[in-house]
Amino acid sequence: MGHDTLVTSLKTALGPGPYRSFRATSHALQLGDVSPDVWYGTASRAVRDADLLDAVVRSIPDAGVRSEVERAHRDRVDAGAGASTSEEEARVMGEKGSVAEVLAPGLVCLRRAIDLETQAWLAERAFEVGEGKDGRQGFYNTVPGDAPGDAPVLRLNQGTRGRVILPVSDFPERLGRIVRGCVRCAQTADSCTNVPDMNPTTALVNFYKEGAKFKWHRDSEDPAHARHDTGPPIVSFTVGLSADFSYKNRFEDATHRTVRLNSGDVLLFGGPSRMIVHSVTGVVPRTMPPMLRGRMLHGRLNVTVRDIGRGVIDSSMFPAYRVSYGGVQSEDSY
């Protein structure tokens, strides 16, 4: 396939915006700013036609780079990953009315991304692994009722809200598959440059009742990423009551924007939006989906999955979230 024909085929298959993003990633590959493995992961998600993907790989001018990409391609095929997307990833955005809203470069809201069954599953797992007991840190504790015979009471570790930081490995692998599916959907809606690939490592579980609020803050990030707007996305799930998520670029900005997040919505912010200043400015009463009543505590569950890379969490600061990179604590930890 000639160069001009290949370009035309890619533009037709991807569309204008994704094609520009793919071209930028390919240019970064040639400059050595992106590894062959990362480039191939991006290419294999963007270019779904196997023959077209083969033609793109063969067009890489540097023989050494092309060899590395071909190796990644063989590994994917040998593992069976090229045959189909996992069932769990395919179910993301599978609900009627699902839509991806690009709020800003790198800031994407996936409306109705996960169905009610998945929401209930996530709530059950979060309360299962997030209970503080037997010396384990948790976002809540179960305490006896006030009188004999009373049902046990769940007590959040911060009054009207509870929080705990857990490794993603504490959850079933299903969570990782769902996260990767959300990232893929956000990349399709925006771009792989604005929403980079991520490796789910950490889950910050927050639960809050009506009336709970957060202060304005940034989420910690490796300075090497923060300086260059290349941070992997935070993937934030809302289950239960709706909440108003407000955001702005700088602390000193007088105005901000607000997006309402409903149960089943997933918000991602990475790349140029990774370091937005944000806050939950309200939890909305009477918005619990009827199907979730009785299956979870009344309130809003927020499971925020992150890729902290080389970061190290200081668990002694619990329930505060403190991450160090290269031995230096991030100034934006919260």
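From the backbone N, Cα and C atoms, a Cβ is placed for every residue, glycine too.
The record from TrEMBL ties H217, D219 to Fe cation, and of the options H228, H256, H278 it ties H278 to that site too. Among the ranges 73-92, 293-312, the one that TrEMBL lists as region 'Disordered' is 73-92. For H278 (Fe cation binding site), the same-chain residues 6+ apart in sequence whose C-beta sits under 8 angstroms from its C-beta are W216, H217, R218, D219, F245, S246, Y247, K248, F269. Highest Cβ count within 10 Å among the binding-site residues H217, D219: D219.
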